[in-house]
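Read through the structure below, which is laid out as structure tokens, and then see the notes.
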Amino acid sequence: MAQKLVAQGGETGDVWDDGVYDNVTKVYVGQGQYGIAFVKFEYANGSEVVVGDEHGEKTELGVEEFEIDSDDYIVYVEGYREKVSDMTSEMITFLSFKTSKGKTSQPIVKKPGVKFVLHGGKIVGFHGRSTDVLHSLGAYVSLPSTPKLLGNWIKVEQNGEGPGLRCSHGIAQVGNKIYSFGGELIPNQPIDKHLYVFDLETRTWSIAPATGDVPHLSCLGVRMVSVGSTLYTFGGRDFSRQYNGFYSFDTTTNEWKLLTPVEEGPTPRSFHSMAADEENVYVFGGVGAMDRIKTLDSYNIVDKTWFHCSNPGDSFSIRGGAGLEVVQGKVWIVYGFNGCEVDDVHFYDPAEDKWTQVETFGVKPNERSVFASAAIGKHIVIFGGEIAMDPRAHVGPGQLIDGTFALDTETLQWERLDKFEGTPSSRGWTASTTGTIDGKKGLVMHGGKAPTNDRFDDLFFYGIDSV
């Protein structure tokens, strides 16, 4: 059964619907003065080739053809929609199609107007509106009947005095408790420096008692991880772009310790990524005082020393808002933002101090940043994120998306896990961690920024039933 994705664009023109087929085999995109003049698709229906109608009108500006290999399929479409000239309704001004094997109809470039994405599985049909131009485009998406990484989302009941509405904060789990630190309600205005603790047995929040070197700044864009019974938090900034250093919090004694002052550790930053294994805490990327960062640093909790990992190379771009997870001894960097969203995937091998870029395939999520992520066995699970920056940067909401995807780090294949229902709403700038609730391991996600620029206060868990 195929899922119909709502057409993106204007509401002018004749409605057309090509229907659902086994696969899309060829795409024709006609260029016009202001954008896309027409589209036409060819489909496979069993052994039969079905040639669809032209939607819009040809011009003398040429037609681009994109042929899909017989063992491949389209997994997402990116485009831009905009009111142009004296039009009263939006038209489609740019389209790019990408397949499961990474083949792209044309490079995806930033354009004026509003970016949109059609994604979530194997695309098996299209629909939309057109006059003498293409006004809107939607798709039909087919999903595998049962994902290899089977699970489901639950909304966790919350009681007590919790973090409330916020985004750009950090969470981590120790035993049967989830901790939350930092964040904002109003853009660029940190809320507090309380350490909130959620008891999974009572489903109740409280504020943890704090002694010792309590972080001196209330901060946003902070990250936090746990190793054993200890929390580690690094960076984050206040409203004047002053930064926090590197701290630990002993959950058995409720004591903060300043491990590395801000001027002595890795480059001060916010909106970076953190991960940990049994002996090391990793800090990657983020936004410094002058520019984004692409370095990876590790802190050995036994030796209490920092190690500056090798440079990932010139082809690896600076970025913030990336996914960072440790899987089977390797440190994985997934996607992020370098001025625009990117979709490259790399891993770092601590044993060899070496970087490797990998090519992933399958039902691949489109470029995004500031998404939720977790490591579950050999998989990296992600949810949501931002697909296009707001013109007002962090002050605005940006274009946010939903969708739960998993990357198998052994086969390098992506799959979509949810099926467009029972899923948290679109969001980004969430706090997330790998966690265990009611005996299941999965992705824990709290809060985040909504497409309306409001903040969420909900707590969700994607629990894995089988791997």
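Each residue, glycine too, has its Cβ placed from N, Cα and C.
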Q: Would you identify which residue of Trp153, Trp414, Trp429 Swiss-Prot lists as part of the (Z)-N-(sulfonatooxy)alkanimidothioate site it also attributes to Arg237, Ser270, Arg292, Gly321, Val370?
A: Trp429
**Q.** Cβ contacts under 8 Å made by the repeat 'Kelch 4' (331-375) with residues that lie 6+ beyond its boundaries
**A.** 75-76, 78, 98, 100-102, 108, 110, 117, 119-122, 271, 273, 275, 280, 282, 284-285, 292, 296, 298, 309-310, 312-313, 315-325, 381-389, 401, 403, 405, 407, 409, 412-416, 428-435, 442-445, 448, 462
Q: Compare the Cα of Arg237 (active site, proton donor) against each of the binding-site residues Ser270, Gly321, Trp429 and report the nearest.
A: Ser270
Q: Work out, from DSSP, the number of helix, strand and coil residues along the repeat 'Kelch 4' (331-375).
A: 0 helix, 28 strand, 17 coil
**Q.** Alpha-carbon distance [Asp390 (Fe(2+) binding site); Gly321 ((Z)-N-(sulfonatooxy)alkanimidothioate binding site)] in Å
**A.** 15
Q) Cα of Ser270 ((Z)-N-(sulfonatooxy)alkanimidothioate binding site) to Cα of Glu386 (Fe(2+) binding site): how many Å, rounded? A) 17
Q: Check the recorded positions Arg237, Arg292, His394 for other C-beta atoms within 10 angstroms of each C-beta and report the one with the most.
A: Arg237
Q. Is it true that the repeat 'Kelch 5' (379-434) and the repeat 'Kelch 2' (230-276) have 3 or more Cβ pairs under 8 Å, skipping pairs fewer than 6 apart in sequence?
A. no
